[in-house]
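The following features are taken from Swiss-Prot:
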- 1-180: domain 'Josephin' (DOMAIN)
- 14: active site, nucleophile (ACT_SITE)
- 119: active site, proton acceptor (ACT_SITE)
- 215-228: compositional bias 'Acidic residues' (COMPBIAS)
- 224-243: domain 'UIM 1' (DOMAIN)
- 244-258: domain 'UIM 2' (DOMAIN)
């Protein structure tokens, strides 16, 4: 199913994969999502500052890490919601009483976003067919209309949050092709998460080995040390197995919409939907607008003798990193470098003249 855009899991960037799989193109990067998260953090900071920048609540707030992003690549539902807004899309919780009153059959929707802890993935309809676009899978998974409602119900039983995406999604080749092509059955995609599990096991065992090695170097080895080492390994295996069991059940649950194990021959073409010039222009306008708004908000919130950058929360935003770099390179540093180069050139010319 090559004409369906499907980003696979890289690190913990599932929010990015979820959005791009929904929109069917490389519409969002980690830097752009971090920019949205930083904007949300700043808006929250300004609201807290209304109670006074010296209040205990405000100072305690500044010490807390961002709730909209972290160093692993996780982004909050607020970031996802704001990212979708400038495409004219909004998300509604599937269990929202107002939504449930409408009595809409899930198969009449266009897409869903699902979340459990720090994992996000998309379920989307192309033409007449539903597909699970979980980035933990090696490829898109067909979900029959009859299985969709049960699939969503099982996700919620497993403590998943399910959100309905409202609005017109960008046009894509997959949607056009699957309006005219009928898909009866297709191969169940392989799990893309096994590699992640093995990497986690390796990290756990390596940590245990390093810890035991350090203790052995300090106090020497003995039979008791060997027993403790084996016990630590066994405990780490049990803990990893518990975590992996949950990961496996999560992946298996996401695959229960599959309706068969054979595939119909379909034309294979490369996806033509990654961000075109028009989406790029829209994105540039969007982020430029938010940057201008943020500058205006900072100017309004700044108090005499206080700079807004002194009151920012811990963040890994690319904007903050760029700001730090620019502050480090002062005019005096540049001038000193120029003076040094000129002095070296003068000495070289003097030596050549004497020769």
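Here the Cβ of each residue, glycine as well, is placed from N, Cα and C on the backbone.
Cβ neighbours within 10 Å of the residue listed as 'active site, nucleophile', excluding its own Cβ and spanning all shown chains: 24. All protein chains considered, the CB of residue 119 (active site, proton acceptor) has 23 other CB atoms within 10 Å.
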